[in-house]
Amino acid sequence: MEPIEQQLTELRTTLRHHEYLYHVMDAPEIPDAEYDRLMRELRELEAQRPDLITPDSPTQRVGAAPLTAFNQIRHEVPMLSLDNVFDEESFLAFNKRVQDRLKSTENVIWCCELKLDGLAVSILYENGVLVSAATRGDGTTGEDITSNVRTIRAIPLKLHGDNIPARLEVRGEVFLPQAGFEKINEDARRTGGKVFANPRNAAAGSLRQLDPRITAKRPLTFFCYGVGILEGGELPDTHLGRLLQFKAWGLPVSDRVTLCDSPQAVLDFYRNVEKDRPTLGFDIDGVVIKVNSLALQEQLGFVARAPRWAVAFKFPAQEQMTFVRDVEFQVGRTGAITPVARLEPVQVAGVLVSNATLHNADEIERLGLRIGDKVVIRRAGDVIPQVVNVVLSERPEETRPIVFPTHCPVCGSDVERVEGEAVTRCTGGLICGAQRKESLKHFVSRRAMDVDGMGDKIIDQLVEREYVHTPADLFRLTAGKLTGLDRMGPKSAQNVVNALEKAKATTFARFLYALGIREVGEATAAGLAAYFGTLEALQAATIDELQKVPDVGIVVATHVFNFFAEESNRDVIVQLLAEGVHWPAPVVINVQEIDSPFAGKTVVLTGSLSQMSRDDAKARLVALGAKVAGSVSKKTDLVIAGEAAGSKLAKAQELGITVIDEAEMIRLLGA
């Protein structure tokens, strides 16, 4: 066997293995970018020796064979995949190939869409009624998922409107919005179920359940993007026209579909979508670019596994492979001990990543991770990089187990794990230097006491030199003592003292947030302050009384109750008040007497506001009788969505909650 034949055999075997893991087992082991690289390498070798191309080569077909647990459906019109481009130069070369094949010097009109990261499906309607649905499978035969698809509310069981073809096969993507993905994993962690690595795996796992009742509980959705069978009817002669017709018949279509009349317009669309990607509320991995004219599509035709008239323009990979060199353990302000993987540095989505959170001991066990393992790292938007999975097929021989500490790595105190919680915590409290540092950094932060000029490095030095043990000690600092710190001159020291003095005048909500009570964020602190009005009333509240506050359940109520029951915490509060920390007396609001559209409503703010700060908006809403919550739930009455609204907006839409924009909020504030 020639060396090139050996290379081809190995590449095909490797690709088939990963196709099986991806399409059949829903458990991909390598990132898409690595699969694409292997496929490109195989194509290049086959281009050198076309006589060695075999009919079963991965370059000659689409995917892997379906599971035998489902009935099979043969696609009358094969479900092909798309070729990919990864940079502007490759796209421009594709554009030129299309123009050359069309023998045209005029710009092609392109229809540009989002490349959804879900599961491709085919849905057949006969006389407007849904009769079957199938996965892509290997492109010619897929799995019968009709019962499961019927549970997806976004997909109509019957089309409405006129001139519906006798047989119409719609193709599109089933996917899981980010909010739904987070909810599924949250429920799984609570019940000990399977935690999914990403929304795509969750969507595939949900759709390919043998029990449709499980699928029905998952918030899957769908966008259509193409057609297969078309009999007994007509469709418009452009791709965009067809999408608009689908929408008119009741099929969901993405609202991010754009016609582009030049290559530059396509590149602009690509860049704009990439910029908006973190705020879409669902995962995409690029854009799809199609010749808009159906006549030109027919003229261009197909290659073995993909159309010549379309291409997927993929974003820089959000997943890459690297090695775990070590695992260190960090201690947070609540004592939570978090394992952090130290990685062989790797570029992920344009950022050099050398660390990734491992969350807790359960996550390490779920991954089966060992030090020295080859892993897939994912970084999506601003999310902290995380380990998606271990590449077990490439595990080195010299790996070693990760041993969770039995004592705090900072102060040496015992660690504990409360039954029902995934987190291991240091029991040292404020005797632990790490907890003390993080608690003080939180206390002085902008959204808490807002002490200008007191950064993390100053806090680190104050704790390390034993100048400060509790938040109250901060207000006893003098300019003279601060001047002794590194890179702190007399003027800077006096500025910090002045900032501390200014910070004494605060609000009840900010003060509560600054205390760092577990699970009490800004919105919960504001809710507690508004409901109880005074510190004395809050300290005297029972767990049952605390649960009457919007968005406060048994877990948060217990943390708040336990915090105020702890004598050392009460002592710190007394000291803070003695040092002059104060806030305005509460203004009692009778919601029944307020003539406002917000009175008595539970409101959630999401996204960025341009006309006022978020704090100002909250204050004005509360003054008009609203309860401002931090998360969307069935109890939410209204969501105000600013620019770049993300998962909260998606969840509101999923729950059918009324959504208004900033302009409407301002109009109602003045009503």
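Heads up, the Cβ atoms here are built off N, Cα and C, so glycines get one too.
The number of other CB atoms found within 10 A of the CB of K115 (active site, N6-AMP-lysine intermediate), across every protein chain shown, is 20. Reduced to three states, the DSSP call for K115 (active site, N6-AMP-lysine intermediate) is strand. Sequence annotations record features per position, and here Swiss-Prot assigns active site, N6-AMP-lysine intermediate to K115 based on sequence analysis.
Feature annotation from Swiss-Prot assigns NAD(+) binding site to D32, A33, E34, Y35, D36, S81, L82, E113, R136, E173, K290, K314. Non-local contacts of D32 (NAD(+) binding site) by the CB criterion (under 8 A, 6+ apart in sequence, same chain) comprise D285, K314, A317, E319.
Taken residue by residue with DSSP, C426 (Zn(2+) binding site) is part of a strand. As annotated by Swiss-Prot, Zn(2+) binding site applies to C408, C411, C426, C432.
Summarising the annotation, Swiss-Prot assigns domain 'BRCT' to 593-671.
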Protein Cβ atoms within 10 Å of D36 (NAD(+) binding site), excluding its own: 15
Residue from E34, D36, L82, K115, R136 whose C-alpha is spatially nearest that of C426 (Zn(2+) binding site), among the recorded positions: E34
Where D32 (NAD(+) binding site) sits in the secondary structure, as DSSP reduces it to three classes: helix
Greatest C-beta neighbour count within 10 angstroms, which of the binding-site residues C408, C411, C426, C432: C426
Cα proximity to C411 (Zn(2+) binding site), best match among binding-site residues E34, L82, K290: E34
Integer Cα-Cα distance in angstrom, C432 (Zn(2+) binding site) to E34 (NAD(+) binding site): 43
Among D32, A33, E34, Y35, D36, S81, L82, E113, R136, E173, K290, K314, the record's NAD(+) binders - longest CA distance, Å: 25
